[in-house]
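K.L.:
Per Swiss-Prot, L-aspartate binding site is recorded for Glu178, Arg224, His458, Arg495, and the stated evidence type is sequence analysis. According to Swiss-Prot, the feature ATP binding site maps to Arg224, Asp225, Glu226, Gln233, Glu488, Gly540, Leu541, Asp542, Arg543, an assignment based on sequence analysis. Residues or ranges marked as region 'Aspartate' in Swiss-Prot: 202-205. Feature annotation from Swiss-Prot assigns region 'Disordered' to 580-605. Residues or ranges marked as site 'Important for tRNA non-discrimination' by Swiss-Prot: His30.
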Amino acid sequence: MRTHYCGDVRLRDVGTTVTLYGWVDRRRDHGGVIFIDLRDRSGIVQIVSDPQRTPDAYPQAERLRSEYVVKVVGRVSKRPADSVNPKLATGDIEIYADGIEVLNTVRQQLPFAISSTENEEVREEVRLRYRYLDLRRERMARNLRLRHRVVQAMRRFLEDEAGFIEVETPILTRSTPEGARDYLVPSRVNPGEWFALPQSPQLFKQLLMVAGCDRYYQIAHCFRDEDLRADRQPEFTQLDMEMSFMDQEEILDLNEALICHIFKTVKGIELPRPFPRLSYQEAMDRYGTDKPDTRYGLELVDVSDILKDSGFKVFSGAIAQGGVVKILPIPNGSDRISNVRIKPGGDLFQEATTAGAKGLAYIRVRNNGEIDTIGAIKDNLSPEQKALLLERTGAQPGHLLLFGAGETATVNKTLDRLRQTIAREFNLIDPTATHLLWVVDFPMFEWNAEEKRLEALHHPFTAPHPEDLGDLKTARAQAYDLIFNGHEVGGGSLRIHQPELQRQVFEIIGIDEATAQEKFGFLLEAFEFGTPPHGGIAYGLDRLVMLLAGADSIRDTIAFPKTQQARCLLTGAPSSVEPQQLKELHVTPAKPAKTTAKTKPRPAD
């Protein structure tokens, strides 16, 4: 019977006999004495097999190799002072093995080194193909433990401190409009009809409020068939919450307490309260994004009023057509960023055009205070306009001013992208800093140019500000996002709880009465039976853990993630299925299914 985990043995255990199980992380033979680093999920401990002191265990120690599974029985000893390893939690002790039992061996060449001492860079495709081995590695095991501790902290706060109850909502539900693409599941017993996997528990958690649940939470699995990137997965996990009889201030206050509890429990960080707040409009004006990273400055400056009558038509024309001109002021940028990078073919020009800009104008403030720019700008701005630009932006000698001119959304996207690029290049981001803030007062709707209609900026169940009820199309939403170092980690709102108002919102986004009844009739009917005021929030667990772990991708914080092509390299999913299965489901494929078999990666050298 195991007495200890490997990483838990300490000086207090010196003189006792312990029984450990684990994997051989590393084996070393020093002058006939064999040293074994034994690893389990808790960490590593050093095992010593000395033929003079423990002759019975020595033959087994000789045959050990990396990743053999073993049982070790031995006596805990204090290490000599010159062999203490401060890098290990168990570095003050070692265990002299009285007995070693090999429980399993490795029958194939390892595709990559597991031991952290090897410090081997492994291609992600290989890691995902052999994910069960990747999860043995220290960094990945640490991420899984961190994820567990975050969820544990969430549960304890919500249940013990805030009176929430956990309720599971259905995985098989119905497809509804106004979201990403659904994953669909055909019904065998109802031919021609389909379930959808939930993109969120939104409607069910609102129904739980109608049911009198009052305070609900769930660690919910959600599914969205959308294009993937570094922090997106087709299936993901969120902390889902809903509360009755609470206004926005009460919800934000409770959630700040929750986040502070998580950070203190998991990272030992005391967060100051209350969290800063920005309105959506202020965030867009100052940073060009509704999820600004406030660990550094580089705020945008609107200079449209200064340049609306300028002779430079790129500026004045953009403003005349309803657009804006903004500046990204970069201290010390004049000497550090060359013209080559700003002009066509340069990396900053490419960043700007990728975001939709047609070009990238600039002004340099030389060390002598003189302005340097292209002739078309220098010749078409008055001395007063030049002086006002320098005053408005606070430009000093050495500043570089990058301009965005055009449609507001494009300008914001361009300068936000450049702001992030410059911050990384100039090392302006403190990786140890923790900046959290709320973004509030989002618009209820945004214009979808492709479909030529208004659509809900968040979702159509978000309640408008009471003072904006006179014109819902321009109303602000009672919505809020939590931003952590430039990443949205949570978002929520107060909900509509009156059926008449809900129907008005549906109508604005193009859902007529017949469609509303077909898709959401059950919700509208529930609202007829005394629905309490309610609101909620959902946190992206995968993304939150990624940021807490300092990982580059949420794939590093999920046990078995999909690739950016929505494939599981370990199991080969998605895969073709037998024709009989499709027949039973009354599904006819549009074309023959292609094989999804992948070439097995070669073991690493």
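Indices start at 1 and increase along the chain as displayed.
Cβ atoms are placed via backbone N, Cα and C, with glycine included.
For each feature listed, report its degree of burial, its nearest neighbours and the pertinent distances within the displayed model.
P.N.:
Annotation note: Arg495 (L-aspartate binding site) sits in a strand segment as assigned by DSSP.
For Leu541 (ATP binding site), the number of other Cβ atoms no farther than 10 Å from its own Cβ, over all displayed protein chains, is 23.
Residue counts for the region 'Aspartate' (202-205) under DSSP (helix as H, G, I; strand as E, B; rest coil) come to 4 helix, 0 strand, 0 coil.
Counting only same-chain residues at least 6 apart in sequence, none has a Cβ under 8 Å from the Cβ of His30 (site 'Important for tRNA non-discrimination').
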K.L.:
So which one is it: of the binding-site residues Glu226, Glu488, which has the fewest other Cβ atoms within 10 Å?
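P.N.:
So among Glu226, Glu488, the binding-site residues given, the one with the fewest Cβ atoms within 10 Å is Glu226.
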K.L.:
Taking the Cα atoms as reference points, how far is Arg224 (L-aspartate binding site) from Leu541 (ATP binding site) in Å?
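P.N.:
Leu541 (ATP binding site) has its Cα 15 Å from the Cα of Arg224 (L-aspartate binding site).
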K.L.:
Using Arg495 (L-aspartate binding site) as the reference point, find which of the binding-site residues Glu226, Glu488, Leu541, Arg543 has the shortest Cα-to-Cα distance to it.
P.N.:
Glu488
K.L.:
In whole Å, how far does the CA atom of Arg543 (ATP binding site) lie from that of His458 (L-aspartate binding site)?
P.N.:
19
